[in-house]
Amino acid sequence: MTTYGSFYLLYAANQLLLAVAVTLVAVWMCGFGGGPSWQSDPAREFRWHPLAMSLGMFFCNGEAILIYRGLRNVPKPKTKLMHAGLQFCAIIINVFGLKAAWDSHDLNKDKDGNLKPIPNLMSLHSWIGISTVVLFCLQFLFGFITYLKPGLPMQYRALFMPGHRLGGIALFVMALGSALMGISERSAWKMTCWTKEGYFCGEMLITNIFGVFLVAYAVTTLALVAYPDWIRKEPEALVRIPKSEETEALREE
Ligand code: HEM
């Protein structure tokens, strides 16, 4: 029989890392440069972007990924709905975050106040980032049709489960890569303390610590989700037919 002591210890650490990471990005975006604004000030509108992408890709998506492990005693239909609901929130928040980045390019003004748009989708960050968001939406759509919409026979649900899992993990890793590139890009473009003046400023400290916490959070999330002993097992009573495919589907889904 598996004991979950070490699981809950790591899970608590993971949730703490997430809380600190989200707090740090909020402090970074709200505490410097006048905080976030909207289209009247596109440079400050940008400040929604890192905040929203972190909330969507790490808070909502990360919590959704871990929900079957964290709430292992809550009935499956409820956790399934929470999983899908959190992923849906992630999509909405991501769209908002992308709009903020896009506007900050399209509505950019020169120092005389004339419109001087910055071209979109030039950086590696933006290429990997947009691919992550598009694939994330496709993963959601496929997951919705397969596991939430009634009608698909159990053996197909079981068949697609390893792919659904692998896809989710790959997208989480891609989101981490995108965020780290975004952090570096922002530091390189906007924080002249280290590039021009040659010292380490407070904003850099917060930015770097945010990146470190994001990596630590992502690593613990991947450990929690990948360790085989911690995979949720359905109560015996629910495993109705000892037919290999169906049993596997109930356990895995
Ligand atoms: C996983 C989360 C993220 C995704 C999916 C993502 C995606 C994107 C995309 C698609 C763009 C292009 C917008 C355009 O071309 O108009 C962009 C721009 C940008 N993002 Fe992110 N982003 C993420 C997180 C972050 C974070 C945490 C930062 C940190 C500050 C950041 C900094 C930037 C910067 C500086 C730009 C403007 C320059 C550029 O186009 O590369 N991003 N992001």
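Using N, Cα and C of the backbone, Cβ positions are placed for all residues, glycine too.
The transmembrane segment annotation in TrEMBL covers 7-28 (among others). The list of residues near the transmembrane segment (7-28) in space but at least 6 beyond its ends in sequence, with Cβ under 8 angstroms from a Cβ of it, reads 50-51, 54-55, 58-59, 62-63, 66, 69-70, 203, 206-207, 209-210, 213-214, 216-217, 220-221, 223-224, 227, 230.
Here TrEMBL flags 13-226 as domain 'Cytochrome b561'.
Annotation source TrEMBL lists transmembrane segment at 48-69 (among others).
Positions annotated as transmembrane segment by TrEMBL: 81-102 (among others). Nonlocal intrachain contacts for the transmembrane segment (81-102), taken as residues 6+ away from its ends with a CB within less than 8 angstroms of a stretch CB, comprise 36, 45-53, 55-57, 60-61, 63-64, 67-68, 71, 120, 126, 130, 133, 136-137, 140, 143-144, 147-148.
Residues annotated as transmembrane segment in TrEMBL: 122-145 (among others).
Summarising the annotation, TrEMBL assigns transmembrane segment to 166-184 (among others).
The transmembrane segment annotation in TrEMBL covers 204-227 (among others).
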Report yes or no: does the transmembrane segment (204-227) come within contact of the transmembrane segment (48-69), defined as 3 or more CB pairs under 8 Å with a sequence separation of 6 or more?
yes
